[in-house]
Structure formats: C-alpha cells, structure tokens
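Peer 1: This is the structure I have questions about; it appears just below.
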Amino acid sequence: MNVVQQFTPAQTRTAEPNYLSGFGNQFETEALPGALPVGRNSPQRCAYGLYAEQLSGSPFTAPRASNERSWLYRIRPTVANIGRFRKAEARLWRSAPCQEVELPPAPMRWSPVPIPAEGLSFVEGVRTLTTAGDAASQAGMAASLYFVTRSMQDEYFYNADAEMLLVPQQGGLHLATEFGRIDIAPGEIAVIPRGVKLRVALTDGPARGYLCENYGGAFTLPERGPIGANCLANPRDFLTPVAAYEDREAPSRLTVKWGGALWETEIAHSPLDVVAWHGNYAPYKYDLRRYSPVGPILFDHADPSIFTVLTAPSETPGTANIDFVIFPDRWMVAENTFRPPWYHMNIMSEFMGLIYGVYDAKPGGGFEPGGVSLHNTMLPHGPDAAAFEGASQAELRPHKQEGTMAFMFETRFLQRVTAWGAGLPELQQDYGEYGRPLRRHFDPSRREW
Ligand SMILES: O=C(O)Cc1cc(O)ccc1O
Ligand SMILES: [Fe+2]
C-alpha cells in the first residue's frame, strides 16, 4: 500500500507493511507459514505441495556483487504454463535493432502524446520511441511511452528481453507480480526484472508513463565515491513486495516478449502462484522524492551524473548501458555561475522526460510534463535563448527549483527513432532550430558585459 501523497515530500515510514526495505538484499518472505524450506532450496517435498523453481537473472557464475537469483515456491512450475506459443500482435512496441526510418541528426522533442480513447492494456499500450543496441545481444535499451486504459484481466506478461523500468507520469498502476504486489503513482518508479511475470491494473483512471527496457545487466546503485555512505538514492528507500499469491483457475493468456517479438499462449490458471520466495532477484519500487541530491555548494554546474538514481553498467567501467538520472527539487546556490545546464555535446545519448513541473534548461516552453526530448549521440544541446538570457543576467541569490521532476535515460548507444515516433503529430518540427535565437554577445572591446 502506498501512503505517500502525490507530489509532496515523502515523510512516511520507509517500510510499509506490504514491502521489504533495502536494495539488492537477500530477502525471504512467505504468504503461508512454513512455506519456505529452512536451510535448503530443494527439499524432496516442498511444504503445502509447492514446486521449487529458481529464477536466474545472472549467469550462475557471475561474481557475488552481480550474482542475482531467487527461489520461488509455487503452485505450478512455469514450465507447466508453457503451451504452444503463437505470434502476438506487437502493435507499436519495438525492440533493437530497429531501423524503420532514417532521420537527419538533430535534437528532437515531442509534446505530450494524449492517452488514446481505445481500450489498451499495458501490453497493448506500449509505444516505442527509441531503440538502441541489440536486445538479443543483451546490450542497449528501448525507450517507450505506455498508455493504459484498461486493467489486464486473466492476462499475464513477462519480458524475456529486458528488465523494465516504469516511470509513471499520469495515473497510478497496480503491479501484481509473482513476487507480490506493487502500487506506483507519478513520482515513483518500479523495476521489474527480466522474466518476472505480472498483471498490470489501473488504480485511478487511465495511465500514461515512460518505459525503459534495459537489455543489459541489471540496474544497480551507482558508487558514491567521496560522497560516502549516505545521500543520493539511499538503499533503505527501495521497497520490494512481500509474497502474495493468486490461487486462480481460470482460462487466461500469457504473453511473452522474447527475441524482439510478442508471443502468447493460453493457460488455465494464474501464474502469479508463488506462495513464498527468497533471494535477491525481485521487483522493487522507489519514491523519487526520497532522493537526496548532492551538488555544487560554492560555484560551477556539476555533471548530471550526480543525480544518478540507478545505473545499468556495461562491460566498460564508467560507461553505462543506461544511467537513470533525475532532476528533482533542489537549491541552486552557486556563486558567479551560469546555473542552468551548460552547452553540451555528449558521446552518450540522452532521452529526457518530464514527470511534473518545469525543467530549468527549457523555461521557454515546449518541454511539457508527459513530453520527451532526445539529444542523441554527439548532437549539440543546451539552454534555450530564454534560459541563457535569464541566467546570464539573474541576481544569484539562493533559489529553489521547486515542484519539478525531469529525468533522463542516458545510454552509451545511439538511439534510433521508430517510425511511430518520427510520424507523431506531437513531434515538434522546429525543435532542431531551438538554438538559433541565441544571440551573438561577443565584443572584443568590452571584457565585461
Ligand atoms: O538537459 C540536459 O541535456 C541534461 C543535462 C543536465 C545537466 O545539468 C548537465 C548536462 C546535461 O546534459
Ligand atoms: Fe545533455
């Protein structure tokens, strides 16, 4: 149960009754007493007639720090759910590699795409904007918008291609997963590991949000280096659900995203039948307003990596497959400093969304809650003319950025825009020229201006 109010600082207890607190812990939880075997994983007969099943999110031999697996004690093993799969309609959900259109290099931006009126479950309502890397090679990502107008009923889904990071922007979601139940609302995120089955239901009307599919190694917390043991995203604020199971025999459908395509099969019961589980491979949620930002307290504008909530590393140290970065409420206090983001070209590509409020690099309008900007590999970007003129002349009193939450999916890979994204009426045709109004200020005879 989520008792945190929308858009207000989160001041309730960390541990809520239906969640376990901590990041990457070895958790154990059971919905029936004694359902978890003690001191072993695979007893000859599991309690209550349950089946034991291991879900491995990393190779068996991964080093301890990145080794992820859980043991699930369930009414039926997953293999009992697998009949013959038929190809399902992927609609507008795309996977890398996907080169449907060729676009000239330019910054791109989309106004918010309205929630369609038609009935869309989560699986039907994912619409991909960008793909990067290669899902089958387990490198790269896809960034999509999701639109949900109906709850899944006797319908279940798992994503074999990716770990899923859900960023709600409008409306809450109830995620009934094999590991337990998670409620999220705008301001919160959820991470569903690769292979975890779930059913997505609405909680308060139609929902819209952002979906980042991580084809690579799992999201983890960034190192904090000299910052020390506290601040940024604190591990205790990550919440994993306690075990909760459905014992439901009813004609149902299981859809699987596998190899870049959707496949479906009929099953006769709910696969959310896990009565107890233990391990460190499990879904979790996090309230972004719990993030404790650290930044420049005297001068200059630090790199946005100081706002990294989660990072999905690649094999190259410091070169993330994906960094999930936020721009939350914070004080701007730097003296003699151009405070907004600096002008920038980046080897990493930057997909940005806005959950609520105004983003300080773009006060001139056009980047609205629910919208998207894409500053792709080595493409120039930075504050618009309004931001530059304002920030270069502003009196530098301490100033609080308030009521704002922008975020970035930043990846080492170039992001390819889908045909859907390229054809949207919400694509702002003139955004590529937003830098043109930046005036010349250079005057060799005047050092100060
Ligand atoms: O708006 C952006 O492009 C994101 C961003 C923010 C920031 O503070 C510094 C660099 C950067 O790329
Ligand atoms: Fe940038």
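Glycine too: its Cβ is placed from the backbone N, Cα and C atoms.
Among the features that TrEMBL reports, domain 'Homogentisate 1,2-dioxygenase N-terminal' is placed at 18-288. Among the features that TrEMBL reports, domain 'Homogentisate 1,2-dioxygenase C-terminal' is placed at 290-442. What TrEMBL records for His301 is active site, proton acceptor. The annotation Fe cation binding site is assigned in TrEMBL to His344, Glu350, His381, His399. Taken from TrEMBL, the feature homogentisate binding site covers Tyr359, His381.
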Peer 1: Over all shown protein chains, what is the count of other CB atoms within 10 A of the CB belonging to His344 (Fe cation binding site)?
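Peer 2: Summing over all protein chains shown, His344 (Fe cation binding site) has 15 other Cβ atoms within 10 Å.
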Peer 1: Which binding-site residues from the list His344, Tyr359, His399 come close to ligand 1, meaning a Cβ under 6 Å from one of its atoms?
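Peer 2: Within range of ligand 1: His344.
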Peer 1: In the three-state scheme derived from DSSP, which category covers Tyr359 (homogentisate binding site)?
Peer 2: coil
Peer 1: As a check: which entries in His301, Glu350, His399, the recorded positions, place their Cβ less than 6 Å from an atom of ligand 2?
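Peer 2: Among the recorded positions listed, those whose Cβ sits under 6 Å from ligand 2 are Glu350.
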Peer 1: Quick one: pull the CA-CA distance for His381 (Fe cation binding site) versus Tyr359 (homogentisate binding site), whole Å only.
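Peer 2: For His381 (Fe cation binding site) versus Tyr359 (homogentisate binding site), the Cα atoms are 14 Å apart.
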Peer 1: Quick one: pull the CA-CA distance for the residue listed as 'active site, proton acceptor' versus His344 (Fe cation binding site), whole Å only.
Peer 2: 12
Peer 1: Taking all residues of the domain 'Homogentisate 1,2-dioxygenase C-terminal' (290-442) together, what is their mean pLDDT?
Peer 2: 95
Peer 1: Which whole-number value in Å describes the distance between the Cα atoms of His344 (Fe cation binding site) and Tyr359 (homogentisate binding site)?
Peer 2: 16
Peer 1: For His399 (Fe cation binding site) and Tyr359 (homogentisate binding site), determine the Cα separation and express it in whole Å.
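Peer 2: So the alpha carbons of His399 (Fe cation binding site) and Tyr359 (homogentisate binding site) sit roughly 14 Å from each other.
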Peer 1: Once the DSSP letters are reduced so that anything not helix or strand counts as coil, what is His399 (Fe cation binding site)?
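Peer 2: Where His399 (Fe cation binding site) sits, the three-state DSSP reduction gives strand.
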Peer 1: Which residues of the same chain, at least 6 positions away in sequence, have a Cβ lying under 8 Å from the Cβ of Tyr359 (homogentisate binding site)?
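Peer 2: Spatial neighbours, sequence-distant, of Tyr359 (homogentisate binding site): Phe327, Met352, Phe367, Thr404, Ala406.
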